[in-house]
Amino acid sequence: MSISPARRVAALLLESVLEQHRAMEEALDAIPGEIEARDKAAGHRIAAAVLRRMGSLDAVMEPWLRREPPKPAQRALRIGAAELLLLGTPPHAAVASAVSLAPRPLAGLVNAVLRRVAEAGPEALEGLDPRLDTPSWLWTSWHAAHGSAVRAIAAAHRTEAPLDLSLKPGVTAPEGSVLLPTGTARLPAGTRITELPGFAEGDFWAQDAAAALPALLLNVRPGERVADLCAAPGGKTAQLAALGAEVVAVERDSGRMGRLRENMARLKLAPQLVNADVLKWRPEGLFDAVLLDAPCTATGTIRRHPDLPYLKQSKDIAKLAGQQRQLLEAAAKLLKPGGRLVFATCSLQAEEGEGHLDHLPEGLRVDPLREEELPGIGVAPRGVLRTRPDMWSDRGGMDGFFAVRLVKG
Ligand SMILES: C[S@@+](CC[C@H](N)C(=O)[O-])C[C@H]1O[C@@H](n2cnc3c(N)ncnc32)[C@H](O)[C@@H]1O
């Protein structure tokens, strides 16, 4: 049997993430053009399934392996096991294709182990500890920050996230979507946004329900001068511009700025775009409101990016928290007296969220959020926003976010 392009893509993505510590999206973009988009998408789906449950899949196979197999055979085994236990591929096809993916001398081993896995069936995963699928440094940090919720957080990472849409004001939610209490329209995981009616017209954009909250908390009014710092790819810029604010969006990375520009063109929104480093940017005039969606470890988005736990390290947290503090200081200087600043990160790490509350820039005080601003979510201690992937679990969960609203003077 020849190797299917989708499985070849899956193996390549796993190798990129686990051995080269390269992001899946980046590795996917580097795959030669002759591989069809459909095969790339199918390969991505398989690799993502492996990464979500890698520890569990390894635990199921362990009794039939005397030692850890060499990497290429290990990838074939993981792909085969994910297809058998998670993706519903018929056993014959899953086993045969994994065998063809394995190096010749180990094909017999892969065949034998996967036959056992096929016999065991998806029940083999039942009751396995979610800790198996979570690197220990992350588990420890979430336990310290969120207590016993760590188990629910890790369990939430096992499922693919739905497609969430932010809608332009006045636009009707697409057919088949569920409107969440905070205004986000939710569609099932795997829905392709580009195929939805209204996409080309710029009626909506993809943005997790939790990611849509920080811009709302800024309460901008039409005509206000608002700076959106660290803006690409522009989900929050679009929200602020669609509310009628005079938005200046600042982004340092020119490639990502290109994406922001394309997104604004599709959405027919016209914020001012500035390709600059926030730490060096000196605009003319101060702002009524500033949104700072700072770079972070992004551990709140693991459902959408299951490669993240294998790309980040614990030492990244302190480094990013330091950058966030510098950006917060710079953002504070851009505000008019009485101006509002929302600082947000898509992280579950306390150092990148609650930890900043004790070291706020001089002259800024917390403006506590009100319960009615966060319907169905609630205000966290100290008047801030804290979401986690296990929240709204009956509705499909949400990304992990931290946000605080600050006022100058
Ligand atoms: C969390 S992402 C922003 C997501 C965006 N706000 C949205 O809603 O679509 C952080 C962004 O900050 C940018 N960035 C990081 N450091 C920066 C700096 N010093 N100045 C400007 N942009 C920066 C990164 O390139 C990245 O695009």
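Glycine too: its Cβ is placed from the backbone N, Cα and C atoms.
The domain 'SAM-dependent MTase RsmB/NOP-type' feature in TrEMBL is assigned to 138-409. If you average pLDDT over the domain 'SAM-dependent MTase RsmB/NOP-type' (138-409) in this model, you get 97.
Lys236 (S-adenosyl-L-methionine binding site) has a Cβ environment of 28 other Cβ atoms inside 10 Å. The S-adenosyl-L-methionine binding site annotation in TrEMBL covers Cys230, Ala231, Ala232, Pro233, Gly234, Gly235, Lys236, Glu251, Asp277, Asp293.
Cys346 (active site, nucleophile): 26 other CB atoms within 10 A of its CB, across all protein chains. Residues or ranges marked as active site, nucleophile in TrEMBL: Cys346.
Ranking the binding-site residues Ala232, Gly234 by how many Cβ atoms sit within 10 Å of each one's Cβ puts Gly234 at the top.
If you count neighbouring Cβ atoms within 10 Å for each of the binding-site residues Cys230, Asp277, the highest count belongs to Cys230.
You'll find the Cα of Cys230 (S-adenosyl-L-methionine binding site) roughly 13 Å from the Cα of Cys346 (active site, nucleophile).
Under DSSP, Lys236 (S-adenosyl-L-methionine binding site) is assigned to a helix (H, G or I) in the three-state scheme. In this structure, the CA atom of Ala232 (S-adenosyl-L-methionine binding site) is 14 Å away from the CA atom of Cys346 (active site, nucleophile).
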